[in-house]
Every structure is written in structure tokens, then in C-alpha cells.
């Protein structure tokens, strides 16, 4: 008999139903469950797949550069970044005739094009790229890296080049190399690029390979470095009248601590950014030499963990046993990595708008909105994944004997307290926030807006004041004009910071009021509830009150009837599934808040947000309905415009989202009946019955149908909001 899919599971390959296909796809990447898997092959497969992942990333970024160089308007945009719309790529086949061709021919293009809202133009411009040739060079280099990565992946699957398990479990060496190599050396290299290429480009000097060795990045060269006069590198920075990309008003400094923003580009000073990366490089180069390897110096991570005894013995045996537990569990390591990456991605969303690093990106409002939303959603998915793998760790890798009375075991021992406290926090936040919103709604409805309950966020305002915001009149720390910190800050460190924080033209420490207080607590509700579901899913993964024997049922067991008290919605997978809905809702509120607050800021009518955000009808009417009006006006006498594609995507997103419910709110019996009926009709229809199948069609399992439903819900949700966000922002600001 010919080998059937899936080859990695003989049991599944012999399944006579369509379950073989779906279960095969579902477990294709669960290497641990494959036939004949060994620990060594598991590590080697994952290692090789990392090279493939890198190849895809390099190919994708290469494609971005290539298409902009080929079909974009980068060189025109560079001449006038504020008024030329950056083109992402051409549209090959604009349907709907001449009106569509005209609507989408913009940005100085000859034919229909897509506008770029990703910020790549601003990024490439800031780091010193100026011509299409530069972009093509970058694309070719990344294509080369992609090929190298593929070869690397193939090479490390060959017997001679396969690393052994001991190599994968050498935590100290890996940490040293990742800290000093990945973070340290790459940050140092980036500082080098900024100092040698980007900063000269911002001052009108074009440095490439042919003149790299002839152009001094600083008039005094390396002299100050070797003589210890490092402060010379900070002297004579660019002036406030500097025109970015020209020598007009430029200085000679390369490493500064100016603080605040370049007045023309509204982005951080490039010399500050270079200084930051140099500092990061030095920190990580030192950190990468801290752990003991072949040379017998430095720390052993195991010794560190074992030595860490909590004071007074109040936390049992502390970190004893953790080293082997973590080092032998890929899921634990992945959980930690995802948790870190999720937090970092959310911080990227926050900092890309509040402290924009790329020239002129702060004035490209649609790009700002798109980047914030994109990074917050990505962060949400990554963070839920962290808890999913945490749960799988408890099921597959956790050994109670190895972890007796250490912090992990104690988390499990008092999980009821953790879960109930989170539950209480969620209930408190939810009922109080909703109560305030609904009270305010009723007051507005009865025509007595003055009876709203409006709470000033005084603690948050105090924190903003401590950082130097003066408008609240708190007169504390950096906002106190006669304090020593204020006076020192004026001259010694970050002189531009206090100016920037009190200017109303940027997004640093936005002024907040009662509307912000309410939506902050709505978001806190979402965060706590999502966390509650995820934490409970992980801590109950091996056993809970209702079903103490989950270990052998695995991560994603389905509903199992009323036996053992019923197993509906109590597998770790069910918790993940439920948490993703809450995560999406929470990030919805986060992005609504960010977008509405910024739209009113950019339009100069902040009072609209301040007055309408204190009651639910305000959000529904003045944010959602008002801003989607361009997307829901249907066919109008003016025919097509450049927002039409977003109107279509808005509709299509709703369709995909609604399709999710077909899978979420129905049961297997219904589908099995439907499938049997369709199969019966097919077999009795002339011509159609010439097509046969070997696998008996069966309905999806409960878990699979939920996954398909969740996927449609998520994709539709994000599609819909993306169309709304881009259309409503670009419709207002071009």
C-alpha cells in the first residue's frame, strides 16, 4: 500500500475517514507526537525549521524593498516627505473599469497603486537610504541572506552537521552567545551604521562603500575615544533649525543626550538613538560574558538558582530544581520566550507613536494608527501563546518529584487563591466600570449631563506631572520649576525632554481626564479577565476540582459527555480558545481608545473625545458610527473613490467574522447529518457521481470546529477594524 498522509503517524494514516486529513494537518508541527521521534531528532527538527523561518522573513523583507524600488516613488517622496504619498506597489488588475483606475492612480504614479501605511519609507529614509538603487541593493542582499538561511537549514539536517542534544542543552553558552552576539554585537553594528551612514545622510552627506573609509563620521575621528574625552562626541549637536537631509543647521556631534524631538521631523534625534544603541551594546557585551562555560569563570545558572533561598524560608525551597525543569522542557522555554516577546511587541506599539524614531512618521497619521494597531494585535496573539505553551509544559513536561516545594510547586498548591483573586478583580472592575458608563448614559438620555459621575485620574496625572508635565498644576518633581531636578534637567541631561512633554503637537504624555479614567478601567477589566482565563487554563492543565486526572487526556480533549461530571470546556485548550476572544475584545478597546483620542488630537477638537467618551452612546455614536460613515454609505452618485476598497474590505471582514459563528454555535450531529445528505445526493447525481473519494466524510471534531470558528472570528474581526482604521484616518488626513 502506498504511503498516505500523514507519514509521521501510521495510526492516522490508516484512518478511513476525513479525520485523517484534518488531524494530520493539526499535528504536523507537534513533533513530539510523531512516530519514531527521539529527543535528539526533535531538537534537530526545530533547529532546522528556524533557518526556514529566517529564510521566509528575509525573502519577505527583500520583497518589500524590491517592490518599492520597482513600482514605488521613493526618490520623489524623499524630496518632499510630508506631501507625497508613499506607494507600496502597483495594482496589476484594477477591476470595475475606468473609475477604479482613476481612483487608485495617486502619489504621482502612472497607473493604479496601493499607498504604503507601514512606515517603511520613513524608516529607510531615516537610516540613510536615498535612491532606488539603494533599495535594490538591500533587496538583493536580503535575498542572498535568505538563500544562505535555506542552505543552513538543509546543512543542519545532514548527518555530519546535526548538533547533538548536549549542544542544545548547553544553556550558559547559548545565553552568552545570544546576549553578546545577538544583542551586543548587532547593537554595536547598528550604532556603527547610524554613525557612519545615517547621521551623515541626515546632514546631506552621502556615504556608501566607495567613500566609507574616506569620510570621517566626526571631525576628530577616534582621538576623543582613546584620550578619554568622550564628551567631545556630544558637542555641537544639530541645531533646532536643522533641515533633515541637508547640511543647513547641522552640527558635528555623533553621540548626544538632547532628549525631545527634532523640530522639523518630529522624531527622536538620530544622535540620541546612536548613543542609546552604543549603551545597549556595551551592556549586552558585558552580560554575554557572565556565564560559566569552558573557561571556569563566571556564573553557573544552576548554582545561581539553587543558591537562591527565599528569606525566612517563606517560599519553601525557592528555585531548587528549576534549572533542569526549564532546560529539559522546550514548552517552558517557548512560553518564556513568547511572554517576553509579547511584552516587547506591545511596548513597540506604545513607543513607536509616543517616541517616534523615524523622520516624519509622526506626521503620517494613518501610518501611526496602522502601526500601533498592528503591534498591539500581534502582542495579544503572542502573549496568549505563552500561556498555551505554559499549559502544555504542565501536562507533558512537569515532574512533581523534581520540583517539590519550589516556586513552581507552590504556584500549583495555592492556585485556588490566585484564581479567586483574579476572578474578584475582574468582577470588581467589570461591574464598577459598566455601572459608571451606564449611569452616565442614562443621565445623557434624560438631558441632565451635569449629573454624570466624572472621576479625574489624579494619580495618573500626578505621575505625568512627576515626569515634567506642567498643565495639571501639581508642581511636583520635574514639573516643579524651582526643584533641583528641574534645573539640572535644563542643562545637564535631556534638555529637550521638558519642552517635548509640554508641547501639544506630539503624543508624549497626553492630557487625560474622566473619559480616559473610564476606558482605562474597561481595558483593565479586559486584561484581568484574559489573564484569569489563561492562568486558570495553565494551572488547571493537569487536574482541576471537577476532573483531577487530566494528565493522560492531553492538552486538547473534547467534551466527553456527563461521565466524570462532564468535561466540557475544561481542557487547557478550551481555556486558550476562550481567552483569545477576550484578548481580541480587550485589544479592540485599546485600539478604539488610542485611535479616537488621536483623531481628535490631530483634528484639533480634543473636546469631542473628552465630552463623548464618558458614556457608551458617545463611543458608539461619535467614534464608531461617525467614523465608519464613509464605509457604509453604500452606492452613491459619485461612483468610485480611493476608499471603496476599504468599504468592500469592511463588508468582507464582517462576512468572515459572522461565518465564525456558524462553527462556534452548532453541534457535530447537525453537520454529520448535513454531510451524509450531501454525500447521498452526490452519489445519485449523474456526472457528479463520477468523482469518488476514499475517505468517508465525517464532521469536524468539537475542538477542530472551535478552531475553525475562532480563526474566522479573529481574521474577520481584524480585517473589519483594519479597513475602518485606515479608511477613517486616511479619509480625514489624506
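Glycine is treated like the rest: Cβ placed from N, Cα and C.
The annotation [4Fe-4S] cluster binding site is assigned in Swiss-Prot to 559, 568. Non-local neighbourhood of residue 568 ([4Fe-4S] cluster binding site): 559, 560, 574, each in the same chain, at least six residues away, with C-beta under 8 Å from its C-beta.
In three-state terms derived from DSSP, residue 654 (chlorophyll a B1 binding site) belongs to a helical segment. Within its own chain, residue 654 (chlorophyll a B1 binding site) has 716, 720 as residues 6 or more apart in sequence whose C-beta sits under 8 angstroms from its own. Summarising the annotation, Swiss-Prot assigns chlorophyll a B1 binding site to 654.
Its Cβ placed at the centre, residue 662 (chlorophyll a B3 binding site) has 13 other Cβ atoms within 10 Å. Mapped onto three states, the DSSP output places residue 662 (chlorophyll a B3 binding site) in helix. What Swiss-Prot records for 662, 670 is chlorophyll a B3 binding site, and it gives sequence analysis as the kind of evidence.
Look at Swiss-Prot and you will find 671 tagged as phylloquinone binding site, backed by sequence analysis. Neighbour count (other Cβ atoms within 10 Å of the Cβ, all protein chains): 17 for residue 671 (phylloquinone binding site).
Feature annotation from Swiss-Prot assigns transmembrane segment to 46-69 (among others). The list of residues near the transmembrane segment (46-69) in space but at least 6 beyond its ends in sequence, with Cβ under 8 angstroms from a Cβ of it, reads 31, 87-89, 116, 118, 120-121, 124, 132-133, 135-136, 138-140, 142-143, 145-147, 149-150, 152-154, 156-157, 163, 168, 330.
Below 8 angstroms of C-beta separation, residues 44, 47-52, 54-56, 58-59, 61-63, 65-66, 68-69, 74, 124, 129 of the same chain, each at least six residues beyond the ends of the transmembrane segment (135-158), sit close to that stretch. According to Swiss-Prot, the transmembrane segment annotation covers 135-158 (among others), on the basis of sequence analysis.
Under the heading transmembrane segment, Swiss-Prot lists 175-199 (among others). Below 8 angstroms of C-beta separation, residues 126-128, 207, 212, 215, 217-218, 254-255, 270-271, 273-274, 277-278, 280-285, 287-291, 293, 301 of the same chain, each at least six residues beyond the ends of the transmembrane segment (175-199), sit close to that stretch.
The transmembrane segment annotation in Swiss-Prot covers 273-291 (among others).
Away from its own ends, the transmembrane segment (330-353) comes close to residues 42-43, 46, 119, 361-362, 368, 371-376, 378-380, 382-383, 385-387, 389-390, 392-393, 396-397, 507, 594, 598 of its chain (Cβ-Cβ under 8 Å, at least six residues beyond either end). Summarising the annotation, Swiss-Prot assigns transmembrane segment to 330-353 (among others) and lists sequence analysis as the type of evidence.
Residues or ranges marked as transmembrane segment in Swiss-Prot: 369-395 (among others).
The transmembrane segment annotation in Swiss-Prot covers 417-439 (among others) and rests on sequence analysis.
According to Swiss-Prot, the feature transmembrane segment maps to 517-535 (among others). Long-range contacts of the transmembrane segment (517-535) within its own chain (CB-CB distance under 8 A, at least 6 residues past either end) are made by residues 384, 387, 418-419, 422-423, 425-426, 429-430, 432-433, 436-437, 455-457, 460, 575-576, 578-579, 582-583, 585-586, 589-590, 592-593, 613-614.
Swiss-Prot lists 575-596 (among others) with the feature transmembrane segment. Nonlocal intrachain contacts for the transmembrane segment (575-596), taken as residues 6+ away from its ends with a CB within less than 8 angstroms of a stretch CB, comprise 353, 369, 372-373, 376-377, 379-381, 383-384, 387-388, 391, 516, 519, 522-523, 526-527, 529-530, 533-534, 536-538, 540, 569, 609, 613, 619, 623-624, 706-707, 710, 713-714, 717-718, 721, 725, 728-729.
Swiss-Prot lists 643-665 (among others) with the feature transmembrane segment, giving sequence analysis as the kind of evidence.
Annotated transmembrane segment per Swiss-Prot: 707-727 (among others), in sequence order, evidence recorded as sequence analysis.
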Residue pair residue 662 (chlorophyll a B3 binding site), residue 671 (phylloquinone binding site) - Cα distance, angstrom, rounded: 10
Tertiary contacts of the transmembrane segment (273-291), as residues 6+ beyond its ends and Cβ separation under 8 Å: 171-173, 175-181, 183-185, 187-188, 190-191, 194-195, 198-199, 234, 254-257, 298-301, 357
Among 559, 670, the one of these binding-site residues whose Cβ has the fewest neighbouring Cβ atoms within 10 Å: 670
Positions on the same chain near the transmembrane segment (643-665), where near means CB under 8 A and six or more residues out: 100, 103-104, 628, 630-632, 700, 705-706, 708-724, 726-727, 730-731
